[in-house]
Amino acid sequence: MLAVDNMFNWIIAKSIALPGLLIAIIFHELAHGYSAYLLGDSTAKNYGRLTLNPISHIDPLGFIMLYVIGFGWAKPVPINPNNFKNRKRDNIIVSLAGSFTNFIIVIITIIVLVISVKLKANDIFISIVYIIMQYNLSFGIFNLLPFPPLDGSKVVASLLPLKYEIKFYQYERYLYAALIVLLITNRIDKILGKLLFIGNSLIMDMINMLIRLI
């Protein structure tokens, strides 16, 4: 009976978390594609990635892993930096667009949470909004880490002089292997945990301050 209850609670918890996961993935990937399109690269548009349809952005295996164990991946948005007017600058903008969008969603959810608390909204609704905030905060921070294939690595590469940028991409597979090792040994969890703790502390201080002010 206990096992059945635990399974039921797990299903409920995952169901509440689903909107947050989908929003974080879809808007993160859409931001990459749309910013590239605005900067002159229509590759993502040509591949049908400028859409809110989750099927266009979700890798089935990566999504299941994200949903179940908290680590996975989405379909990478196809970008051709050669179409940019200023390759390095525009590549940085496109690389940062995903995390920037996640952080914008975090700000929106903070506002919604404050209003919801003041209006004494349904607890389930507040939980869903809170989880949306958490997923977007996690996605935004994690993708800024400077390891391939994460967005932070593309920012670092674009900031380097050309000859070092080429070297960076030559060693990309080793940096990717380093990321896998850090994930397996939970080193990334410790780094991400500290960053999330700082982020959550600032957010909760902001929410409490706004609740008192309104």
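Each residue, glycine too, has its Cβ placed from N, Cα and C.
Long-range Cβ contacts of the transmembrane segment (16-39) within its own chain (Cβ-Cβ under 8 Å, at least 6 residues beyond either end) map to 45, 49-52, 54, 57-58, 63, 66-67, 74-75, 77, 79, 83-85, 90, 93-95, 97-102, 105, 124, 127-128, 131-136, 138-140, 143, 151. Positions annotated as transmembrane segment by TrEMBL: 16-39 (among others).
Taken from TrEMBL, the feature transmembrane segment applies to 51-73 (among others).
According to TrEMBL, the feature transmembrane segment maps to 93-117 (among others).
Among the features that TrEMBL reports, domain 'Peptidase M50' is placed at 122-184. When the domain 'Peptidase M50' (122-184) is classified with DSSP, helix, strand and coil residues number 51 helix, 0 strand, 12 coil.
Annotation comment: TrEMBL describes 124-148 (among others) as transmembrane segment.
Away from its own ends, the transmembrane segment (51-73) comes close to residues 14, 17-18, 21-22, 25-26, 29-30, 183 of its chain (Cβ-Cβ under 8 Å, at least six residues beyond either end).
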